């Protein structure tokens, strides 16, 4: 393992996290992905 795949996975996770942050501010998307948004009330 040369570490390249790990870096790519970290990068993908960051992109997904950013997308989910946007999703969490969208009520429809938030309802579809409550786990990703942490169900804060």
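For all residues, glycine too, the Cβ spot is worked out from N, Cα and C.
According to Swiss-Prot, the protein carries these features:
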DISULFID  23-29  disulfide bond
DISULFID  24-37  disulfide bond
MOD_RES   37  cysteine amide
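Overlay of Swiss-Prot feature records on the structure.
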| residue | record | Cβ within 10 Å |
| --- | --- | --- |
| 23 | disulfide bond | 16 |
| 24 | disulfide bond | 17 |
| 29 | disulfide bond | 15 |
| 37 | disulfide bond | 17 |
Collapsed DSSP category at residue 29 (disulfide bond): helix
Between residue 37 (disulfide bond) and residue 23 (disulfide bond): CA-CA distance (Å): 8
